[in-house]
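Summarising the annotation, TrEMBL assigns transmembrane segment to 26-47, 81-103, 115-135, 141-164, 185-211, 223-241, 253-271, 304-322, 365-386, 406-430.
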Amino acid sequence: SCLCGSAPCLLCGCCPSAKNSTISRLLFTFFLFLGTLVSIIMIIPGVEKELHKLPGFCEGSGSVLGVQTKVDCSSFLGHKAVYRMGFAMAAFFCLFAVLMVCVRSSKDPRAALQNGFWFFKFLVLVGITVGAFYIPDGAFTSVWFYFGVVGSFLFILIQLVLLIDLAHSWSQRWLHNAEQGSAKGWYAALCTVTFIFYAASIAAIVLLYVYYTKPEGCTEGKAFISINLILCLIVSVVSILPKIQEAQPHSGLLQASLITLYTIYITWAALANVPSQRCNPTLLLRNSTGSATATEPLTTWWDAPSIVGLVIFILCTLFISLRCSDHPQVNKLMLTEESGAGAGPGVAEEGGAHRAYDNEQDGVSYNYSFFHLCLLLAALYIMMTLTNWYRPDERLQALSSPWTAVWVKICSSWAGLLLYLWTLVAPLLLPDRDFS
């Protein structure tokens with residue numbers, strides 16, 4: 001009944017009983033991680049070469065901007081495979097986002113489809129994935145790149161919302177512990193963590209100036225680093241202004257330091273996509289023969305920004321799947337609030353068996369469609385991360401890093417800083433609203 005029926009999944013005897021909504025979110029997230037693992041395997045050099053054996057995977061012709069061209073994808077088989085895997089995962093979650101529109105409780109017949117039939121859902125994902133690898137060559141990779149860019153930008157904004165919420169919750173919890181217990185110890189921990197975040201940010205800024213700028217030229221890199229440095233200083237100063245402290249007593253430098261560190265990371269990731277070898281020592285280029293010229297490093301999909309981005313992706317996706325915020329406003333924004341008052345823990349165990357009990361009979365605890373939309377955006381984000389945001393050139397003979405990726409990441413860092421600044425000044429600008 002767990003795999004092939006609509007009943008909630010049974011848990012093994014060593015596991016505690018859990019809410020059905022939590023189990024469903026974790027299993028859908030497992031599907032996303034499974035697709036991510038397959039994508040990572042596809043870009044391993046040894047496996048990438050074996051993709052030649054797939055019938056028709058590296059053949060065909062297409063039209064790009066109205067120009068007929070013969071496609072030679074031998075130089076980026078792993079890139080093509082990751083794009084098709086990303087398309088399959090995005091299509092899978094898009095299907096469920098559409099199917100689960102306006103589901104209000106587990107009494108809706110579609111809720112059984114959300115919380116059960118896992119074996120059949122796995123077969124659907126496998127079928128979509130197999131079909132994706134038969135998509136003809138041509139304009140697909142070039143067009144799907146822009147879908148990935150838009151989806152990744154939106155997912156970065158979701159990451160920023162979660163990060164801001166984490167920073168506020170972290171600060172509030174430690175300040176509350178300081179009021180209840182050893183104040184000196186908690187305040188010392190708060191200052192230490194804040195100092196570490198700011199020290200890491202300053203060190204990172206210095207390294208960015210050293211490695212991604214030159215005394216002459218590299219104007220864009222200098223401008224991006226300087227603007228984000230100034231914006232981080234502004235939000236740090238604003239966070240400790242007396243009026244801000246009066247309106248939000250829990251606001252402080254811990255939140256600002258965490259946002260600063262993440263902003264510097266986004267800046268680093270953006271500079272790693274600057275398409276100039278002189279201003280970007282980590283630039284990776286692959287030509288149609290799959291080898292590098294004397295002045296270009298050998299291609300690898302794994303660089304430091306991608307690895308950090310993968311770790312942040314995993315943490316944020318688990319955050320979306322497991323946790324509801326301490327703040328009602330964030331719950332409203334993310335459409336995840338524990339409002340379901342269905343069966344309680346007492347219904348969880350029948351005959352001593354540990355079960356996933358239904359907690360959504362009176363109302364869903366999260367918006368099904370929005371949850372699948374978040375996973376869809378996450379699939380596009382990991383697709384772009386694993387391919388370093390590179391795209392084929394107009395002849396489909398080489399992969400290059402476009403300015404589009406740079407501007408998307410920089411704009412997302414600015415949007416995050418503005419969003420955090422809004423959380424600070426909103427209680428002053430809108431005094432009649434409750435921001436507790």
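Backbone N, Cα and C atoms are what each Cβ position is placed from, and that goes for glycine too.
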Best-contacting stretch, by C-beta pairs under 8 Å, relative to the transmembrane segment (26-47) and drawn from 141-164, 185-211, 223-241, 304-322, 406-430: 304-322
Chain residues in Cβ proximity to the transmembrane segment (141-164) (below 8 Å; excluding those fewer than six residues from its ends, i.e. six or more beyond): 64, 79-80, 83, 86-87, 90, 255, 258-259, 262, 266, 312, 316, 319-320, 330, 333-334, 374, 376-381, 383-385, 389, 391-392, 396, 404-405, 408-409, 411-412, 415-416, 419-420, 423
Cβ contacts under 8 Å made by the transmembrane segment (365-386) with residues that lie 6+ beyond its boundaries: 19, 21, 25, 28-29, 32, 35-36, 39-40, 43, 82-83, 85-86, 89-90, 93-94, 96-98, 100-103, 111, 114, 147-152, 154-156, 158, 301, 306, 309-310, 313, 316-317, 320, 324, 334-340, 359, 405
Same-chain residues near the transmembrane segment (81-103), Cβ under 8 Å, at least 6 residues beyond its ends: 28, 31-32, 35, 38-39, 42-43, 48, 51, 110-111, 113-114, 124-125, 128-129, 131-133, 135, 140-141, 144-145, 147-148, 151, 364, 368-370, 372-373, 375-376, 379-380, 382-383, 386-387
